[in-house]
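Asker: Sending over a structure as structure tokens; questions will come in a sec.
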Amino acid sequence: MDHKRDEENGLDGNYNSEVETEHMKKMEKENQEEKEEEEEEEEMSVERIFEGKEVPSWREQLTVRAFVVSFVLSVLFTFIVMKLNLTTGIIPSLNVSAGLLGFFFVSVWTKFLDKSGLLKQPFTRQENTVIQTCVVASSGIAFSGGFGSYLFGMSQAIAKQSENAGGNEEYKNPAVAWMIGFLFVVSFLGLFSVVPLRKIMIVDFKLTYPSGTATAHLINSFHTPQGAKLAKKQVRVLGKYFSFSFLWGFFQWFFAAGDNCGFAGFPTFGLKAYKYKYASVAPF
């Protein structure tokens, strides 16, 4: 009898655990559906904000302030890309950072002009997109143009370091004239290849372009009251860590008396790895 009672209790326990598991799965599914509905409502609410606004003409999108901010950010991002290109060789996507900083600088500019009574044209999403596009294109040329790789690899100085250097090697020293022409070819080759790819991938097959879609949603959210507040917080955090990274890099440089000297040459990964040029990891 006791054995039979234990079996019945075991069956009841298994049944209760199965019911609880099904209930938890049901609750998780309902929570997921509610979350998706909230995201859809939020996306629709952002689109409703711009529903009644007209798209400005291309003359109003290509403004002087947009090109000035684009130039400043392009110089800054080019330094970052060159630093990464000459060290790690891996370049992250800069779409979000370019859109965020472009929004921040032009917003500060337009608010100052608005308080002075000199603002003639408000800051629009399209103008923000122009800034982001120019910055990403300029920093992308610094990487794809080969300034940290094959352009220097073709020089005479690198050719002399080759094991097969015998005086008959072919080389091409970098010069401003031919490098400008080369960059134009590289840039327009990408532009001409994007047009047919866009027709096939996006228009015909309706594939989602993750980077562009994310950037579009981000820029849309910036130009809402809640998004503007969030953008200020993001810029504050970005500036804090950028300042820390810059100060740490300056600290390393200040105490470096030569090559492989100072904190930058500290053998973080051990002495054996240090022999193969694996030194410390610099944050900037």
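In case you wondered, yes, glycine gets a Cβ from its N, Cα and C as well.
Caution: TrEMBL annotation is automatic and unverified by curators.
Feature list, courtesy of TrEMBL:
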COMPBIAS  20-32  compositional bias 'Basic and acidic residues'
COMPBIAS  33-44  compositional bias 'Acidic residues'
REGION    1-46  region 'Disordered'
TRANSMEM  62-84  transmembrane segment
TRANSMEM  90-109  transmembrane segment
TRANSMEM  130-155  transmembrane segment
TRANSMEM  175-197  transmembrane segment
TRANSMEM  238-256  transmembrane segment
Asker: Please check if the transmembrane segment (130-155) comes into contact with the transmembrane segment (62-84), where contact means 3 or more CB pairs closer than 8 Å and the residues in each pair are separated by 6 or more positions.
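Answerer: Yes, the transmembrane segment (130-155) and the transmembrane segment (62-84) are in contact.
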Asker: What residues elsewhere in the chain lie close to the transmembrane segment (90-109), defined as a C-beta under 8 angstroms and at least 6 residues from its ends?
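Answerer: Here the qualifying positions are 65-66, 69-70, 72-73, 77, 81, 84, 123, 127-129, 131-132, 135-136, 139, 143, 211-212, 214-215, 218-219, 222-223, 228, 231-232, 234-235, 238.
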